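Worksheet for the structure shown next.
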Amino acid sequence: MNYSLHLAFVCLSLFTERMCIQGSQFNVEVGRSDKLSLPGFENLTAGYNKFLRPNFGGEPVQIALTLDIASISSISESNMDYTATIYLRQRWMDQRLVFEGNKSFTLDARLVEFLWVPDTYIVESKKSFLHEVTVGNRLIRLFSNGTVLYALRITTTVACNMDLSKYPMDTQTCKLQLESWGYDGNDVEFTWLRGNDSVRGLEHLRLAQYTIERYFTLVTRSQQETGNYTRLVLQFELRRNVLYFILETYVPSTFLVVLSWVSFWISLDSVPARTCIGVTTVLSMTTLMIGSRTSLPNTNCFIKAIDVYLGICFSFVFGALLEYAVAHYSSLQQMAAKDRGTTKEVEEVSITNIINSSISSFKRKISFASIEISSDNVDYSDLTMKTSDKFKFVFREKMGRIVDYFTIQNPSNVDHYSKLLFPLIFMLANVFYWAYYMYF
């Protein structure tokens, strides 16, 4: 029994030793393979100073950039900015990282902390962040000739100065500008790798309210107190899709104007109906005007195209309400004039009788005076009183004629002319409005 256990133990020991020998040989072969295909990072960075740029003290580092625009998630008129997610790729030469062997190899993103990288920042950026899911979205790749590729995935909110005077028929020009934070033109020079072809993705974007008309790249210089810096500029034009606003604002406001014209076909005597239509359309237009401004900046420097149109519509709606007030007032004046005509005839008869009686009284007094002529016995008070009443009547008649000159003789004509003039003037206003804002 002891002999059998001893034999089994010896066999197990021999098997274990054999496996260890094979494993060590495999590790040696793998290690040799790694050394042949990839340079040792520790050997490559031996004596490497990440705080000094390549060619330190010599020619500036040439950094070539490319951009992929993944998305433009929002464009805010109220904040005057846009938010975009971009893939930023930078390439430069670092002679300290030249190696022999394979064409290139990719390092773990955490090793970027041991290398020199440009201090590129986004000009006019309000806030930016680097994506960290599931790890930091960074890539570092080394090429055998010393070229370094450094890629980042960034979401940034960038300021964009907008001219909203033609809103919503406007075209906005926004920029994405890249520049070195600390290295001026003597240390770092930025360039686009392939000109306009250095930017990709914009032509495939689909935005809610905009269409990207065109874009182009520029290389400019930024003169600041700390030096002269190279700045890369991506400039793109955004044309707003006006169809959305036509359906949301222009069509409802136009329908409200047309609805206000319905009152022209309603009788002047239907006071509640016409008043209700006028007040309702005015309040609806006011609500529409307030709602159109909720998503826009509350500044006094912009009189937008949509404000002009809503102002025109409000003027026509309010004008229709005033038209009924004028027509109804004229109707009341006409009825009052008829009553005054009847009263006038009665007053004329009364004045004639008064004058005749005054003349008769005067004649009688003259006959009495023929018996005994005495100026003290003649009484002119009755005649003077009746004559002043006549002057008052003549004055009222003159004033009445002046008022009648400015009074509408036939109130029904007000509605008749309004049926033609309101639609005609509104159509002419639309022609001038759309021609100006679409083509000028």
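Quick reminder: no glycine exception, Cβ is built from N, Cα and C everywhere.
The disulfide bond annotation in Swiss-Prot covers CYS160-CYS174. Within 10 Å of the C-beta of CYS160 (disulfide bond) there are 19 other C-beta atoms, taking all protein chains into account.
The annotation N-linked glycosylation site is assigned in Swiss-Prot to ASN43 (among others). A simple way to gauge crowding: the CB of ASN43 (N-linked glycosylation site) has 9 other CB atoms within 10 angstroms, across all the protein chains here.
According to Swiss-Prot, the feature N-linked glycosylation site maps to ASN102 (among others), an assignment based on sequence analysis. Under DSSP, ASN102 (N-linked glycosylation site) is assigned to coil, being neither helix nor strand in the three-state scheme.
Residues annotated as N-linked glycosylation site in Swiss-Prot: ASN145 (among others). Other C-beta atoms found within 10 angstroms of the C-beta of ASN145 (N-linked glycosylation site) number 12, with every protein chain shown included.
Residues within less than 8 Å, Cβ to Cβ, of ASN196 (N-linked glycosylation site) and separated from it by at least 6 positions along the same chain comprise TYR215, PHE216, THR217. The N-linked glycosylation site feature in Swiss-Prot is assigned to ASN196 (among others).
Here Swiss-Prot flags ASN228 (among others) as N-linked glycosylation site. Residue environment of ASN228 (N-linked glycosylation site) contains 11 other Cβ atoms, counted within 10 Å of its Cβ in all protein chains.
Under the heading signal peptide, Swiss-Prot lists 1-23.
Restricting the average to the topological domain 'Extracellular' (24-241) gives a pLDDT of 88. Marked as topological domain 'Extracellular' by Swiss-Prot: 24-241 (among others).
Within its own chain, the topological domain 'Cytoplasmic' (263-270) is flanked in space by residues 277-278, 320, 323-324, 327-328, 331, 411-412, 415, 418-419, 422, which lie at least six positions past its ends and keep a Cβ under 8 Å from the stretch. The annotation topological domain 'Cytoplasmic' is assigned in Swiss-Prot to 263-270 (among others).
As annotated by Swiss-Prot, topological domain 'Extracellular' applies to 291-301 (among others).
The topological domain 'Cytoplasmic' annotation in Swiss-Prot covers 323-419 (among others) and is backed by a curator's inference.
Under the heading transmembrane segment, Swiss-Prot lists 242-262 (among others), citing sequence analysis as support.
Annotation comment: Swiss-Prot describes 271-290 (among others) as transmembrane segment.
Taking Cβ pairs closer than 8 Å, the transmembrane segment (302-322) reaches residues 164-170, 245, 249-250, 253-254, 256-257, 260-261, 263-264, 278-279, 281-282, 285-286, 288-289, 292-293, 296, 418, 422, 425-426, 429, 433, 437 in its own chain, all 6 or more past its ends. Annotated transmembrane segment per Swiss-Prot: 302-322 (among others), in sequence order, evidence recorded as sequence analysis.
The transmembrane segment annotation in Swiss-Prot covers 420-440 (among others).
Helix, strand and coil counts from DSSP across the topological domain 'Cytoplasmic' (263-270) read 3 helix, 0 strand, 5 coil. Of the listed recorded positions, namely ASN102, CYS174, the sparsest Cβ surroundings within 10 Å are found at ASN102. Rounded to a whole number, the C-alpha distance linking ASN102 (N-linked glycosylation site) with CYS174 (disulfide bond) is 42 angstrom. Under DSSP, ASN43 (N-linked glycosylation site) is assigned to a helix (H, G or I) in the three-state scheme. Between CYS174 (disulfide bond) and ASN228 (N-linked glycosylation site), the C-alpha separation comes to 23 Å. Rounded to a whole value, the Cα-Cα separation of ASN228 (N-linked glycosylation site) and ASN145 (N-linked glycosylation site) is 30 Å.
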